[in-house]
Structure formats: structure tokens, C-alpha cells
């Protein structure tokens, strides 16, 4: 009788150990596979490789259209002028990386600094790095970092930067004027609240 009970106890203990071992083995992630709390690989859910700029841009455009209450036909006319304002804003505020108005790690419109309207950069738009303001800012920064630069060179770069900013400001004002001409008072107020108009 004692042997029977002892044998039963040993069998139960072995069975319990087997179940625990199997469960533990299932919970361990296999090599090369992301486990719980681990970042997924690009393209997997939870990873950072699935961001679609085109889809994000479309979402922002749809949001803007909804806020304006524009029909499909109205949006076809408004969208190009809105994108023109966005581009002009980026060109005016862009100054290259690391200073003169650029966001940390990138210029406005990029990861380090968004546009005033908060929208993504439209396809085909001139990037801040290509704008005359950004180019003039980079040259101005370079001459200020040159300890041997002549005063005349510094003044020339400063004048060039101010001229580029003035021209970009005029282009922005014109783009905003052309957009305003198509808007109702309510739509104009929406654009002001979004930072697209002053």
C-alpha cells in the first residue's frame, strides 16, 4: 500500500515537471523571431518599416479637405494652390541643418521640423535643401565659421541671405493671396487656424 502511494506521488511529480518544461519551451522565442516586447522586423506589425509617406500625405489631404468642407470638384482646384503655399512656406523657413531656423536633425517639412500646416511634403515639391534660402543660409554659416573670412565676404553672404529671404517671402505672400481668392470666409478661417494663412 505504501509502495503504491509512493509510486503514484513520483508519477505525479514527473508529470508536473514534464508539463512545466513543455510550457517553458513554448514561451521561449526562437532565434531570429521577435518575441513579446521586442521590436518587429521591417514590414512586420509593430515595426517601423511600414510607414508609407504617400498614404500619410493622402490622409492629411483628406483631413484638410474635410475641414474645408470642399467637394471633389472644389478640391481639384484648391489642392494645387494649397500645395503651392506649403512649398513656399518651406522655402521661406528653410535654412539648412543645424541652425538659422531649421529643426533639430532636419529642416522644416522633414523629421526635425514640420510645415506650419502640419502636412507632409507634396510629391514633386522643392525640398528645403534645394531652396535658395537654404543655400544662402549654408553659405552664410560657412563664412561665419571661417576665422579667416574677410569682412567683405561676410557682408556679401549676409546680403545674399537677406535677399533670398525677401524673395521667398514675396513668393509666399503671392501663393497665399492666390489661395485666399478661392476660399469662402469660413474656409479662410480654417486655413489661418492651420497655419497656412496669416
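Yeah, the Cβs are placed from backbone N, Cα and C, and that goes for glycine too.
Annotated in TrEMBL:
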type	residues	note
COMPBIAS	34-49	compositional bias 'Gly residues'
COMPBIAS	63-73	compositional bias 'Basic and acidic residues'
COMPBIAS	86-95	compositional bias 'Polar residues'
REGION	23-73	region 'Disordered'
REGION	86-139	region 'Disordered'
SIGNAL	1-22	signal peptide
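The helix, strand and coil residue counts that DSSP assigns across the compositional bias 'Polar residues' (86-95) are 8 helix, 0 strand, 2 coil. Taken through DSSP, the compositional bias 'Basic and acidic residues' (63-73) splits into 8 helix, 0 strand, 3 coil.
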